[in-house]
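Below is one structure, written out as structure tokens, with a few remarks after it.
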Amino acid sequence: ASFTISLHKADNTTVMIKLRPGLSPSCQIRVKTVTWSELKIKPGQNVTFSFTCRTPEKYFIAEIQKNIDCVSGPCPFGDVHLYPPGLPRLNRTYTWDVKASTKAGLELKFTTSWLRQIEPGETCPDSISYNINSSIDQATVNIGTFCRNGSVSRVKLLGGVVMSLHLPWHSALTTSGFNIANRASIKRLCIIESILKGESSITLMSPNYPLGFPEDELMTWQFVIPPNMRASVFFHNYSLSNCERKEERVEYYIPGSPSNPEVFKLSDSQPANIAGSFNMSLQGCDQDAQNPGVLRLLFQVVVQHPQVDENVTHLVDLSKEKNMTVTIHSEGWPSHIPLMSEPICLICKDPRTCDRALTLTSGAVYRISFLCKDLSRLRITAEKGIGCMDIRWCQGKIYSLSVPKAITRLPIRLYKFIWKLLATDLINIEITSPSLKLQQHVREQRCNTSYSYSIVSATPETELNVGVFCPGGSIEKIQMRNNITISLKTFGKGFINESIPQDLKMSFVPHIKDECIFTVSPNPKAKVYLQTPNWPYGLPPYVSVSWFIVVPSRQTARLGFSKDRMGIACETGRAYVNIKEEILGAEEIVRREDELLPQPRNMHHNFWVNVSNCKPVDKTQLTLQFWVTFADKQIDLGIILAVVAGAGVLTAIGLTVFCVKKKKKKTQNPMVGVYNTNVNTQMPGKKGLFGKGRQNNESHVYAVIDDAVVYGHLLKESNGSVAPEVDVYRPFDGPMGSLPPSPPPFSFRKDIKRSSNTEEEPLPLMDTDQDTYTFAHQKSGQSEDNGDANIKDKGDTSVPLLENKEQDGLVE
């Protein structure tokens, strides 16, 4: 097919057909008998051409530029047409370069379809887009890129306009969709009018976004709101330049406001619940020439119906709380920005100060209201800090880790409550749950309550995820070193009723040796599963954890491990599992990482389980799980027979002695004292845990003799040179009682011999999310207030209102 394009000289239009960037000229343009890779048709020319391929839209694009002079001659007001006709079906870009004086700005009015601004790099659903640039002298400012079907109805610009329309090759659009409506001086960069109908949401950007708003410029957005609707403004992304003079700000002209213009910083919460149409202006400043910075703004305007309960206020009394913040926010905040079709929930601390999130601080009383059709879409996240810098002031003080009633009384679901417990190096933290007790969430014993606690122990160097726990278990007490973060997370709506008997307590205690100590007091009929912290990623190197299991007096506990081996190989040191009953003379059970774990065994008294890690040889870490069950103590039949037989013997002896005494009663001889050297004359007393003092015996020292010691002579005969290796293990150090068995010191864990055992992959038992919170470790010199960590809020500085300016309207 051939195409003929005829351009009148008075139209001042140029057509350029050229190859798409990056494509080879496998298709060409034929004019008569000559082929070209591009074709330029100037005003006054008449050209007939064709393509050498059947699908030229794959290779060529068309650029049509029309120059309009509104300075030296009359301005062609009215609709702007797509000219010339008869263009081939190619991707087309129409550009209208309109020259105008800065004393007479131009107004573009969009007739067939209003526009919607998009971010750079975003594409329009129908691939039809507009790009508007303001041309002042030699400078060009990109006002923005827009798609069809939006709310922007008019744009007024200072000086000239460069307007571009991009059409795909398959588009059948025949009109430009805009006209040049008027010209009048506006004394600012531009004015953008946006008409919103019904409940809706629009997103707009400052000119040159995201590169930066021009220096010391002023622009305005005019929003037309239906009289029965309310509008709210939200800043989602902004940055500030470095000002030498003036101050960057936004100004609002709101009908009925006693202080127009209302001046806000970009960092302030912007006005909300605005009744009626309003204007918003962005003012730049004189920037630092050496380091100007970037002023940019992306914001959202949401329009919705007035809420029925907008005048209903809720009292939130935080006057007696310390170091606590409460944030009420929409679901998905802050990452989720509502779509245009989504209704938005707002939280207000006064009728005009509303936002998608509102933060309340302790020590004050608030009256808040909600502009939200569905309160179930709102959430509460709270945080409280408790600190101790000196154990003399904190020891013996018990803190209740329960959610304040000021929060539970609100008609909003509590999403998360975080306690940050801060202490110095020599002060540790004890968590107790006396009545409810805690259950560790494991695969075999999942939490099914409406809330759970995630406990994380943290220092600047390491972080230990202790685990997820819920009420109704067997763990009475958890003692931990370092700072602690406890996160209460709720699931569903049952938290309010289930959380009434909360009994989680916290206190500061002196230093403990292990990283973590659990005290477990199970129900005699329960089967309890316990696992090492940091599951399923494994204990950090050289960390030691202990469990103290309480066995009822008439019960026998059965202890078993969920796998046969620890499943690790040590690069430095040794990993151990220690088990010992808390009774005089009890046997200590010790297993290294290269040995089989103990088979299930009965424990008749309270006992300790200690797990101590080494530095593993690869990324596989130590994960260990064990279980405990209980049964009534059984009396052996042999013991009963022995007792009965013993009683019979004693009866016979008693009768014999009675008869002998009767017989000898008549002939009594004088008593004679005999000294027996074999009788112990010492007073009976409570024996120690060991028969001799640990410093005087070596009963607790075990020597593991390498095979090279026994078979060394055979190796020498084969010219082998093997040095004997002895690994000495010292399991317990110190008195028994409330203290756990001490892990072996690192000096005895060192072993250059690496285990060759096959490593087992641990089963992932946890299926819950692990919320981790870390914080800086406080120094001992930090100030304190009644044991609570000091958390200060920054006050807002007030901004004086600017002098009233005359509002610029759009002139028809």
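Glycine is treated like the rest: Cβ placed from N, Cα and C.
The compositional bias 'Basic and acidic residues' annotation in TrEMBL covers 748-757, 803-812. If you look up TrEMBL, you'll see 771-784 marked as compositional bias 'Polar residues'. Annotation source TrEMBL lists domain 'CDCP1 first CUB' at 3-70. The feature domain 'CDCP1 second and fifth CUB' is assigned by TrEMBL to 79-182, 416-493. What TrEMBL lists as domain 'CDCP1 third and sixth CUB' is 188-293, 514-627. The domain 'CDCP1 fourth CUB' annotation in TrEMBL covers 315-403. According to TrEMBL, the feature region 'Disordered' maps to 734-812. Among the features that TrEMBL reports, transmembrane segment is placed at 637-660.
For the domain 'CDCP1 second and fifth CUB' (416-493), the number of residues in each DSSP class (helix H, G, I; strand E, B; coil) is 0 helix, 50 strand, 28 coil. In the predicted model, the domain 'CDCP1 fourth CUB' (315-403) shows an average pLDDT of 85.
When the domain 'CDCP1 fourth CUB' (315-403) is classified with DSSP, helix, strand and coil residues number 7 helix, 43 strand, 39 coil. Residue counts of the domain 'CDCP1 second and fifth CUB' (79-182) by helix, strand and coil are 0 helix, 61 strand, 43 coil (DSSP-based).
Here the domain 'CDCP1 first CUB' (3-70) has, by DSSP, the following mix of helix, strand and coil residues: 6 helix, 36 strand, 26 coil.
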